[in-house]
Structure formats: structure tokens, C-alpha cells
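According to TrEMBL, the features are:
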DOMAIN    352-392  domain 'UBA'
REGION    1-46  region 'Disordered'
TRANSMEM  139-157  transmembrane segment
TRANSMEM  163-190  transmembrane segment
TRANSMEM  211-235  transmembrane segment
Amino acid sequence: MRYSSTASGLAAPDSPPRRECACAVAGAPTSASPPPGPRGGSEPGGTMFTSTGSSGLYKAPLSKSLLLVPSALSLLLALLLPHCQKLFVYDLHAVKNDFQIWRLICGRIICLDLKDTFCSSLLIYNFRIFERRYGSRKFASFLLGSWVLSALFDFLLVEAMQYSFGITAASNLPSGFLAPVFALFVPFYCSIPRVQVAQILGPLSITNKTLIYILGLQLFTSGSYIWIVAISGLISGLCYDSKMFQVHQVLCIPSWMAKFFSWTLEPIFSSSEPTSEARIGMGATLDIQRQQRMELLDRQLMFSQFAQGRRQRQQQGGMINWNRLFPPLRQRQNVNYQGGQQSEPAVPPPLEVSEEQVARLMEMGFSRGDALEALRASNNDLNVATNFLLQH
């Protein structure tokens, strides 16, 4: 089981995740997108650090672009073009007094501090699971909405500090795509379950989310006035996630723009599907994860036994007793020894196979014998039987 967004990233901005099943005729393994996890951030589930998704950037082209492009530009400005850094300074006074709107845009995209670039990149990598859960369009809408709202809250916080406490903040705030990164902590806290990994010092414990919060704290304390950007980002994330004032409908990516970027940029930043890991769903409980792992092991065993049976049939000819070769994996009995003699468990009666499913497999080009054997081996599961026949 894995999380997958739509291939074109065109999920509606406020639509819940959809379940997707691969077509059995194509022989692709089925995959599903589970519903959003429980809110509150205190339910059990997930594993240490991997609860935020499987490794890699599969089905997360926008996250990949945010990792590569701003980081590359930040390194380029720091190492090769230091004289151009002044163009990306986040100067609020210049924006307010001289109406230099371009500074508001440039100053909130590229980090001029490499430490901020490193921490924000790690956080974006761990928050990529939201793009898989919601789809690229809704994820981009969240980033755009929090980016716009946080720019407004930056001005309000600076003015509130000066009016209430007489504290004049520096004209230059930390540059970079920082506010939307802090905004992502709101859905991270609300929808990612918390799992205790280790108990330390009595009530204190290490959870699967501890490392993410430590990275956020490191980014929060990396500069003098970065706390203004952090607070504005958290407030904007809370407003957008709670759909306050219907900002999620106003600040969203239009469908035509999503289609344009899915046709142009998504093929560039798309990643191949990982093949060497078990797909454990985000937000699943420990019991569900154990069940998924057991099902994965069962399927791998059935694949192995099916391949071995086909090789034996090719060498010896004739039909194979699939009921003997594939006994129910959950109900296998231990071998009993009586008087030094080994007694085999009773063989269950042959499983009745649906003629309709046999006909569907024969329409795909498989022989009737192979179709019967695969359906009996897979307990009349058409998708599993199709996968068996296609891969062996």
C-alpha cells in the first residue's frame, strides 16, 4: 500500500484524497490512497522518521523542484555571485516606503544563508508526503496561500511590535522560502500520528516526529528576526488549513495553470517509483502496518512458489496440484510426528473457480490451464492472478 497523488496533480484544492485502483487488465498492482489521518497528532501509528513517507521523491515533483531549484540558486549566489545577493534581500522598508514589490517576491524565494537553505531543504523533503496525500495542485495551493498570507502577517507583526512595545525590527528580515515551510508544521502536527519510540527522563519521550521538530527549532533559532517569519508562517498555515475566511478558495492554483505545469515541468522533476521498499501508508496504526508487512511477505512467498511450480511443469509436464503447493498461509498446521513417522495435514478440497474470471484471463491471452491454476493459487483474486501470469 502506498500513497499516490494524481499523475497530473490536478486534484481539486479542497477535495479529499481519492482511492485509485490499477486496472486488472493492464496487470498493474493495485494501489490506494488512504483517507487523511486522524487529527490531533497524538494517535499511534507510523514508524520512526519514515512515518512521513517512503524514501525518495516519487509522486512529489513540486517538492523535488523546491529542493533543487532554490538550493542551487542559493549556492550559486553564495559561491559564484555574491555581488548579486543584494537583489534578494528581504527589505520591508523598501517594500513599504518605496513600493519595491519585486523585493517582496525575490526576498521570499531564495535563502541567502546556507544554514537556512540546508534546514529548509530537509523539512521540505520530510513534508513531501502532503503532496502525495493531497495532490500537487492542492499542495501548491497551500504553499501559495501561506506565502501570500505570511507576507501580510510579516508587515502586521513588525508594525505591532513597533506600536505596542516600541521595538523597531531590522529593515531586513531573513530571506528565503521560509514562511511556507513553517506553515507546513500545522498540517504536520494535526494529521501525522505520533508514535513513541523511546522513553527518556520520565514523561519525556522520543517520537517519530521529534527529529522534524528539532529541525524546525534549529531553523527557528538560526537568525535574529527569523521568529517573525516563523510566527507569520504558522499563523498563515493555521488560517489556510482551517479554511478561515475561505482563503483556500481564493488563494489556489487555477486548473489551467496546473495543467500547464503538469505538461511542462512535471516530466522534468518526476521521479521513478521505488522498488525496494514496502509501501507503508502514512497514518496507519502499528497493527495495520504489521498486517501490511505480513501480506507483503505472503505475496512474495506466493510469487516464489508460483514461479517454482511453472518451472516444474515446464520440466516434467502435466498439471500441478496447486492446492498442495499453495496452502492457506495463515492456517498452515505444524508437522506432527507420531512414532517417528511424519504425518501430512489433510489437503483441502479443490477451490471452485469463477468461469467469468477464467474467461477474462483467457481474453488476455493466457491458456485455460494457467488461468485455473493462477486463480486457485490466489484464492480467486483476479488482480493477483493477473500479476502472477504477467510476471512469470
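Our numbering is plain: 1 for the first residue shown, then up by one each step along the chain.
Each residue, glycine too, has its Cβ placed from N, Cα and C.
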> With DSSP, how much of the domain 'UBA' (352-392) is helix, how much strand and how much coil, in residues?
Replying inline: 29 helix, 0 strand, 12 coil
> Which sequence positions outside the transmembrane segment (139-157), separated from its termini by at least 6 residues, show Cβ-Cβ distances below 8 Å to it?
Replying inline: 9, 13, 62-63, 92, 96, 104, 108, 130-131, 173, 177, 179-180, 183-184, 187, 228-229, 231-233, 235-237, 239-241, 247-248, 251-253, 258
